[in-house]
Amino acid sequence: MIKTVNLQKLFATEEVETTALNGISMDVQDGEFVAIMGPSGCGKSTLLNILGLLDNPSGGEYHFYGTEVSKMSERQRAQLRKGSIGFVFQSFNLIDELTVYENVELPLLYLKTPADERKVRVEETLTRMNIMHRRNHFPQQLSGGQQQRTAIARAVVAKPKLILADEPTGNLDSANGEEVMKLLNQLNDEGTTIIMVTHSPYDAGFAHRIVNLFDGKVVTENFHV
Amino acid sequence: MFRNYLTIAFRNLLRHKTFSLITIFGLAVGLASCLLLLLYISQEASYDTFHTKADRIARVTMEYSMDGQVGQYGVTGTKVVPDFGRSFPEVESGVRMLAGQAVVSNKSIRFREKRFVYADSAFFHLFSFPLLKGDPAKALAAPNQLVLSASTARKYFGDRNPVGQTLRIGLDKDFMVTGVVADCPPNSQIKYDLLASFTSLDDAKTEQWWSANYASYLLLRTPASIRSLEAKIPAYMRTKSAETEMTGKNYLTYFLEPMPGVHLHSAVSGVFEPAGNVTYIYIFGAIALLILVIACVNYINLASARAVERAQEVGVRKVMGALPRQLFGQFMGESSLVTFTALLIGGLLSYLLLPVFNSLTDRQFSAAVWLDPRTIMIVLAVGTLVSLIAGSYPALILTRYKPVQVLKGHLKGHSASRFRQSLIVFQFAITAFLIVSTVMVKRQLSFIQQKKLGYNKEHVLILPANRQVNGQISAVKQQLTQLSGVKHVSFVYESPTFVNGGYGMRRFDMPENTYRMITGLPVDEDFVKTTGLQIVAGSDLTEQDMIRANDPKGDTLNSYRFILNEAAVKDFGWKTPQEAIGKRVDMGGNRKGEVKAVVANFHFASMRQKISPIVLFTEYGGGSMLVKLAGNDITGTIRQIEGTWKKLAPNYPFEYQFMDQEFNKLYAGETRTGQLFTVFAGLSILLACLGLFGLSAFTTAQRTKEIGIRKVLGASIPGLIFLLTKDFLKLVLIAILIASPLAWYAMNKWLDDFAYKVSVEWWVFALTALLAVGIAFLTVSFQSLKAAWMNPVRSLRSE
């Protein structure tokens with residue numbers, strides 16, 4: 001479903017040009033759980049952003065479900081991303097002015113899902129993420145674990161085929177982190193493809209495959225099971 | 001989705017109270033000012049447009065030239081309307097009017113009516129004043145007929161039908177009421193409470209080119225014929241030169257002014273209320289706009305500054321698949337919410353402030369105007385425009401954020417800060433401009449107040465003289481001067497604060513019929529004493545002079561005595577005031593005599609004009625009575641005067657006015673402008689400071705960490721305050737530098753209207769700079785102090 005060929009990403013400022021990605025070629029199959037690891041600054045998040053259609057590569061090809069997307073405009077990418085990719089961030093990125101319920105509802109609003117269906121799906125997801133009792137709370141009133149569960153609920157509510165998680169446990173204690181990983185694992189068991197950036201070898205242990213990056217290049221790939 | 005936008009907009013407003021308060025209150029005040037000033041402007045601009053035939057009606061103004069001196073007047077003789085009607089096919093009809101005062105009584109109900117107008121019978125044919133009772137074709141057709149305004153009818157007759165009743169005008173003339181007309185609207189230059197038939201006047205029996213006391217209006221067959229007829233008049237009037245006695249280079253001619261333009265655009269004053277001034281319309285319009293702009297700038301500045309805070313939301317929404325168009329719509333929606341909330345509050349505010357505004361402008365605006373669908377449309381359009389202008393920039397910034405950048409690193413608002421800085425400069429430039437203008441208007445007004453006028457306007461009562469009083473002048477004088485609080489009593493044609501009378505005068509040794517134009521005022525022997533004029537040569541008038549001048553059997557070649565001012569002496573070519581004394585002069589051929597005294601120049605007109613030649617001459621004018629009070633126990637003295645008045649003139653109401661009040665009326669326009677400037681300059685300062693306050697709160701919050709680090713490294717509190725305020729103060733100083741030359745130019749232009757004026761001095765700008773910087777410093781340092789006093793541990797943790 002995802003295939004990159006020789007992906008390049010350059011960041012240029014007035015003085016220096018940094019190569020963040022240097023020829024990344026990789027495939028991710030449907031239903032796979034892939035962890036991307038590597039030291040700080042190796043290009044993990046840059047890769048994730050490109051895979052998530054948030055950014056364009058400077059070179060190379062990116063086939064997203066058979067469509068070449070590397071030259072698409074922001075507008076086209078937004079259309080493609082809507083409903084097909086869910087995002088989970090380290091810092092949760094919930095909107096402070098919206099309640100748990102409203103945050104989770106947001107992707108469905110942009111998908112123009114009818115109101116009654118929206119209600120069913122949001123409540124279903126909240127129940128599943130065990131956050132239903134907090135539906136009318138604002139993000140600041142929640143613990144970190146609850147916030148991340150809300151963020152995951154928001155990522156999955158539109159039933160995307162792909163979830164991209166950027167250090168989803170980075171801001172959580174181990175108990176909450178464990179819970180989040182189990183949730184992701186469960187989603188993967190149900191067929192959702194997951195690509196996760198992480199520093200934690202333990203978290204990476206949940207994945208089928210670990211891709212190690214160094215200086216913008218894939219150095220090793222380890223397969224579990 | 002819309003509900004989601006609305007929810008988030010509301011929650012944002014509630015969460016950031018300072019920001020919301022500043023923007024909404026600022027916009028509300030800006031919009032309220034706009035609404036109020038719009039009222040004023042729309043009324044001024046709508047003058048006389050309610051006449052359905054307004055485009056075909058023209059006011060006739062007169063111009064004549066005598067020996068090279070040209071005079072222009074908004075009045076004509078009685079002949080213009082009937083003669084033009086007969087001679088020019090373009091003229092369909094016309095009306096002559098004489099405006100004045102009259103004491104009107106219905107048995108014991110008695111008032112001095114200040115808006116008593118004689119008008120030709122075509123009045124209701126030309127003008128669209130709705131006649132509520134009576135026949136418009138006949139109501140003013142015969143002598144001694146009277147049409148009352150609705151409120152005047154109530155005043156004299158209560159709820160009874162006044163038609164067919166009689167009212168007494170003056171002492172002994174009875175007029176029959178033939179109609180009731182609606183009260184004249186505030187945007188009418190023709191103002192009346194009572195209309196009497198023109199044929200009631202003795203002057204109506206003859207047609208004269210001269211004796212120009214009448215307002216003349218013509219109704220033409222087509223709007224275009226106003227200009228074509230006007231072009232024919234000079235040639236036509238030359239054919240009448242024998243009648244007008246204007247031969248050779250001298251001429252008498254007329255101009256036509258389209259009626260709707262008279263109020264704002266005519267330079268010639270007429271017999272009704274003083275004309276408006278289109279300059280002030282522009283000024284007030286500009287002020288309204290500037291205040292609104294300042295309020296918009298606050299919104300733009302604060303919203304774009306806060307955009308950084310909302311970057312995360314934008315990022316998340318973009319990740320969820322929001323399109324730029326949707327985000328733009330969301331933030332525009334928010335600005336509309338803010339604007340229309342402000343509009344609602346602004347509307348309420350202006351409704352509540354309407355009485356204050358009315359007293360400030362000396363008008364009677366009613367809130368009903370706002371309910372007019374057209375006004376509502378305009379207001380909604382303004383609201384939409386403001387939300388578009390104020391909302392689009394912040395919306396644009398927010399929409400442009402790249403989700404990757406926003407969700408990852410910290411965004412610094414540097415790209416927009418240059419823009420915000422320019423806006424602050426712009427805001428404070430407007431404010432500085434308004435401060436300078438306010439100071440200058442106030443200075444000019446106090447200059448006028450304090451300038452030596454050449455006469456003493458303090459403690460002088462002006463009473464309207466009347467037939468009963470004029471019939472027993474010496475008894476009145478004697479009885480009043482017996483009162484301990486009264487020093488002098490003088491009978492005069494009109495008060496010296498503003499002398500209207502125009503005459504021609506020549507030295508005896510000049511050829512006949514070569515008169516110089518001169519302002520003239522009939523006075524009695526007590527006038528100089530009463531007004532405190534300063535005699536520089538010769539001696540004051542005596543009772544003997546008055547008797548000689550008014551003796552029908554006296555020497556007509558030398559019966560009058562004249563007092564000239566220094567300007568007249570110069571105009572007649574005498575080298576010193578002394579030289580003029582005893583010289584024989586002739587005024588208009590019917591008043592001859594010698595110059596008895598010369599007085600120092602005094603201001604008998606507005607300070608807009610240079611002091612011109614004036615002559616005071618021995619004649620009982622019978623218009624006004626001046627009473628100079630000693631100055632102690634003024635109320636007691638007035639009560640005594642009233643007692644004497646009631647005995648001497650029982651048929652006339654006792655009314656008086658102080659001369660200084662009358663003087664102040666001359667500058668009512670300027671005083672009003674001064675007050676409006678003060679109010680709106682104050683408002684603009686307030687708004688600009690609110691914006692600065694919000695913005696400094698924001699930047700200070702952004703620099704919390706920096707402040708913490710600096711404090712840990714040993715920065716002092718004054719040092720920190722300087723650090724945080726200096727950027728803002730720099731902007732204010734730049735603003736003043738930009739505003740100063742503009743204000744200097746504008747104020748010089750305004751002062752050009754005055755012959756006597758203050759100069760625009762450097763210290764006004766220094767004062768403005770000090771004021772603006774001081775206020776800005778106080779505003780910003782409030783935030784800075786808060787930040788500087790904060791425990792550095794807290795500020796460091798906040799990142």
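Backbone N, Cα and C define each Cβ position, glycine as well.
Annotated features in TrEMBL:
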DOMAIN    B:20-235  domain 'MacB-like periplasmic core'
DOMAIN    B:286-402  domain 'ABC3 transporter permease C-terminal'
DOMAIN    B:679-792  domain 'ABC3 transporter permease C-terminal'
TRANSMEM  B:21-41  transmembrane segment
TRANSMEM  B:280-300  transmembrane segment
TRANSMEM  B:337-357  transmembrane segment
TRANSMEM  B:377-401  transmembrane segment
TRANSMEM  B:422-441  transmembrane segment
TRANSMEM  B:676-701  transmembrane segment
TRANSMEM  B:728-747  transmembrane segment
TRANSMEM  B:762-782  transmembrane segment
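In terms of DSSP helix, strand and coil, the domain 'ABC3 transporter permease C-terminal' (B:679-792) has 97 helix, 0 strand, 17 coil.
Across the domain 'ABC3 transporter permease C-terminal' (B:286-402), mean pLDDT in this model comes to 84.
Annotation: stretch B:676-701 has the most Cβ pairs under 8 Å to the transmembrane segment (B:422-441), among B:21-41, B:280-300, B:676-701. With a threshold of 8 Å between CB atoms, the same-chain residues lying at least 6 positions outside the transmembrane segment (B:728-747) that come near it are 421, 424-433, 436-437, 440, 692, 695-696, 760, 765, 768-769, 772-773, 776-777, 780.
When Cβ distances are compared across the two stretches, the transmembrane segment (B:377-401) makes no contact with the transmembrane segment (B:762-782), since fewer than 3 pairs at least 6 residues apart fall below 8 angstroms.
Sorting each residue of the domain 'ABC3 transporter permease C-terminal' (B:286-402) by its DSSP state yields 100 helix, 0 strand, 17 coil. Contacts between the transmembrane segment (B:21-41) and the transmembrane segment (B:337-357): present, as 3 or more C-beta pairs lie under 8 angstroms, all at sequence separation of six or more.
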